[in-house]
Amino acid sequence: MSVFSHVEFDGHEQVVYGHDKASGLKAIIAIHNTNLGPALGGCRMWPYANDEQALRDVLRLSRGMTYKSALANLPLGGGKAVIIGDPHTGKSEALFQAMGDFVDSLCGRYITAADSGTGVAEMQIMAERSRHVAGAGQREAFDGGIRNGDPSPSTAYGVFIGIQVAVKHRLRRDDLRGLKVAIQGVGQVGFSLARHLKEAGAELWVTDIVDANVRRAVEQLGAKAVSQNDIYGLDVDVFAPCAMGGIINLQTLEALRAPIIAGAANNQLADAQLAEELVRNGCLYAPDYAINAGGIIDVYFERSGGSAAELKAHIEGIGNTLRQIFVRAEQEGRTTTAVADRLAEERFGAK
Ligand SMILES: NC(=O)C1=CN([C@@H]2O[C@H](COP(=O)(O)OP(=O)(O)OC[C@H]3O[C@@H](n4cnc5c(N)ncnc54)[C@H](O)[C@@H]3O)[C@@H](O)[C@H]2O)C=CC1
Ligand SMILES: O=C(O)CCC(=O)C(=O)O
């Protein structure tokens with residue numbers, strides 16, 4: 001398995017493999033670009049079928065973080081970590097201690113945080129071994145009070161703001177009452193997004209591979225449960241992918257009917273060219289790395305200081321960025337991803 005000639009390599013600065021025999025840790029940290037600052041990005045735990053899948057995922061995720069932080073106007077570079085393992089059965093204190101040591105070995109060039117399969121509990125273990133861990137402490141909440149360091153409510157709030165902007169742009173509607181939204185994955189971010197949408201009067205359809213997560217959305221928010229396959233073909237206004245990447249592909253494109261795709265999942269397009277297909281289908285796509293920046297903004301504020309009100313305002317800036325992307329894409333006849341890439345590259349100085 002080659003790294004330098006890997007199709008997703010994209011000039012990464014550093015790719016490091018970590019192994020700890022005692023705990024069974026097998027992990028990869030990828031640092032894409034540090035032009036704007038240290039690489040910051042979450043640590044995903046997933047039962048990858050093989051090392052190649054893990055490498056591909058971490059390279060794509062880490063590149064995405066460079067673009068995300070640049071678009072969100074943060075002085076951060078892009079990086080990400082993956083742990084090869086099942087988050088439901090494979091977690092142990094020793095595993096995350098070893099992961100903390102692995103993160104620490106990079107001396108702050110990479111700062112880690114939560115992602116799919118990890119959360120505050122794992123960040124707390126890693127933070128005992130390294131100071132380059134975010135999301136392990138307590139914070140002032142937007143609506144008063146104290147909350148833990150979980151960035152997913154901020155990610156969900158940013159996606160909610162982004163959906164409002166997309167609805168205004170594509171459907172010319174100012175409010176979300178009666179808006180039909182299909183959410184794929186009602187975990188940390190998806191459930192929190194569902195709550196915002198419900199409060200705004202939207203009607204929800206949800207799916208998840210974990211039945212308990214579906215039940216929670218049905219029981220607490222009155223969402224309608226659908227099967228994993230049926231989520232794509234629903235006659236809804238917005239499809240919100242909040243699970244894993246690569247879910248917009250040639251097969252799902254055939255089924256998708258929503259005029260808007262706007263959700264939290266990283267790397268939603270299996271292939272960059274699919275952005276053109278979405279335009280041909282009349283679908284407005286909110287680039288994932290633009291709309292899901294709430295988490296990285298949250299983590300940045302945790303490390304740099306700043307009030308909950310300032311954090312909220314910065315997250316709301318995602319709305320302006322998306323508006324600019326949508327308008328430019330329409331005026332220039334380009335895809336939203338082409339416009340977003342260009343904007344980000346101007347900021348981080350891609351060659
Ligand atoms: N947590 C955060 O603050 C941020 C998360 N993201 C991205 O958003 C996505 C969701 O993140 P989290 O909510 O933190 O993860 P999570 O693991 O809490 O939630 C993901 C949910 O999707 C479900 N799922 C997985 N595969 C599925 C499938 N094929 N069909 C339906 N459901 C499926 C899982 O069972 C889980 O409930 C990930 O792609 C993550 O990288 C992006 C930015 C920040
Ligand atoms: O949400 C986080 O924990 C940090 C940011 C990140 O990893 C992401 O946006 O994918």
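Heads up, the Cβ atoms here are built off N, Cα and C, so glycines get one too.
Per TrEMBL, the feature active site, proton donor/acceptor maps to Lys80. Per TrEMBL, NAD(+) binding site is recorded for Gly185, Val186, Gly187, Gln188, Val189, Gly190.
When the recorded positions Lys80, Gly185, Gly187, Gln188 are checked against ligand 1, Gly185, Gly187, Gln188 have a Cβ within less than 6 Å of one of its atoms. With the fewest other C-beta atoms within 10 Å around its C-beta, Gly187 stands out among the binding-site residues Gly185, Gly187, Gly190. Counting Cβ atoms from all protein chains shown, Val186 (NAD(+) binding site) has 29 others lying within 10 Å of its own Cβ.
Recorded residues Gly187 (NAD(+) binding site) and Lys80 (active site, proton donor/acceptor) have their alpha carbons 20 Å apart, per Cα-Cα distance. Of all the recorded positions listed (Lys80, Gln188), Gln188 has the fewest other CB atoms within 10 A of its CB. Gly185 (NAD(+) binding site) sits 21 Å from Lys80 (active site, proton donor/acceptor), counting Cα to Cα. Reported as a whole number, the C-alpha separation between Gln188 (NAD(+) binding site) and Lys80 (active site, proton donor/acceptor) equals 18 Å. Cα of Val186 (NAD(+) binding site) to Cα of Lys80 (active site, proton donor/acceptor): a span of 22 Å. Remark: Val189 (NAD(+) binding site) has Ser152, Thr155, Ala156, Val159, Cys242, Ala264, Asn292, Gly295 as non-local neighbours, by Cβ distance under 8 Å and separation of at least 6 in sequence.
Reduced to three states, the DSSP call for Gln188 (NAD(+) binding site) is helix. One way to see the shell of the NAD(+) site is to take the Cβ centroid of Gly185, Val186, Gly187, Gln188, Val189, Gly190; the remaining same-chain residues with a Cβ within 8 Å of it are Ser152, Ile183, Phe191, Ser192, Leu193, Asp208, Asn213, Cys242, Ala243, Ala264. Cα of Lys80 (active site, proton donor/acceptor) to Cα of Gly190 (NAD(+) binding site): a span of 21 Å.
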